[in-house]
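Notes follow once the structure below has been shown.
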Amino acid sequence: MRITTPVNPDGVQFPVWDRPDRFFFAPERHERHDLSRPGFFIRAEGIMTDIGRMAHVVPARTQLPVSAYFDEARFAREQELIFKQSSLYVGHQKLVPELGDWRTLVQEDGGRALVRNQRGVELVSNVCRHRQALMLGGEAGNVSGNANTRGSLKDTGGNIVCPLHRWTYNDRGELLGAPQFDATPCMNLQRFRLRDCHGLLFEGPRDPAADMAPLFARPEFDFGDYVLDHVEVHQCNYNWKTFIEVYLEDYHVGPFHPGLGRFVTCDDLAWEFNDWYSLQRVGVHQALAQPGSAVYKQWHDRLLDFRAGQAPDFGAMWVTYFPTHMIELYPHVLVLSTLYPKSPQETLNVVEFYYPEEIVAFEREFVEAQRAAYMETAIEDDEIAERMDAGRKALMLRGANETGPYQSPMEDGMQHFHEWYRRVMGETED
């Protein structure tokens, strides 16, 4: 993102978009600011500028037509132009922490699996080369669903063994034996290249470590002592872009989320934008003194108990690595949430919950309270997204198209996403 910084008569610089009809703060609306007070910050290409808390409306020139959320042809183009050209999150190394551990990819109905071997973590096909059966995971009546998705090769002598005919592969997918064949066929499992970004594993043509280098230079993004506690698989009956839009706007947090809206405050919202990601940081609402729901009260209480009554330094940090990977930081919590679009109106959300090892081992109530609060907000977000797509569908069916303005700074992240989307799709503004 490129910004310019014109100087007003008082000599104070204000960032302005590189087109005259798009701005964060117009010099003609200027009033003198005390730069020492908290405010809203936006960082772009190394520039950090205070532009105060003065909200304004930005014209909706980059928003998408209502048909974009339902069109099968567009969905197919997205697969080619976005998903095949991006870094796609596969899983974290900590999903398979011990030698011999395996975990099938639920987002692919178990068709591939992460396996930890002497070389590290590898991604291999979970489909036997003999009769193309799924091997690891699953159970009778649910062979490809979210059941029995992890285990250890120690149970099968360190090897991957097909349950149908006992074809046996080593932990790298190399065929060791095929019963009652005169010679072992040269038929190994396919392996897939992974790119490691501080333990997060991606595949695709981009380099996620380079894309997110400024992000992982921040001390908050060191998760060395965190361990996996739980993986939630959540079905979303709306378009993947709608999910990202809701995630990237804070305008609804106060009005729609009674629990989250009393856990965080958007009064000190700060954005950081980069070519392939955005980061939003929000503060703590009144030192957690007024929980907004019964579920969030449990989370407030457990968090304050763990911190001996001391309120945390921040409420949340929400990252979106385009197109669909989200890194969410809460006090003593890491959540990795990733969308896997299945159709224009069907999206799978796989959510991984990580905590410091000490909390997982000794603070079960903390873990359960945080996850319950998170899922309460997730269900509320589902309603927002479902209402948005239902309204868009109603407009589309009557042959109409409507888009509203962006509220700035609350919806700057949504605007940034729309700009990125149009760029990679090769589309111009409406």
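Yeah, the Cβs are placed from backbone N, Cα and C, and that goes for glycine too.
The structure displayed is predicted, hence computed values, not measured ones.
According to Swiss-Prot, the features are:
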type	residues	note
DOMAIN	88-203	domain 'Rieske'
BINDING	Cys128, His130, Cys162, His165	[2Fe-2S] cluster binding site
Take the mean position of the Cβ atoms of Cys128, His130, Cys162, His165, the recorded [2Fe-2S] cluster site. Which other residues of that chain put their Cβ within 8 Å of it? Arg129, Arg131, Ala133, Met135, Leu164, Arg166, Trp167, Ala178
Just how many other Cβ atoms lie inside 10 Å of the Cβ on Cys162 ([2Fe-2S] cluster binding site)? 20
Confidence summary for the domain 'Rieske' (88-203), mean pLDDT rounded: 97
Mind checking how the domain 'Rieske' (88-203) divides into helix, strand and coil residues in DSSP? 10 helix, 44 strand, 62 coil
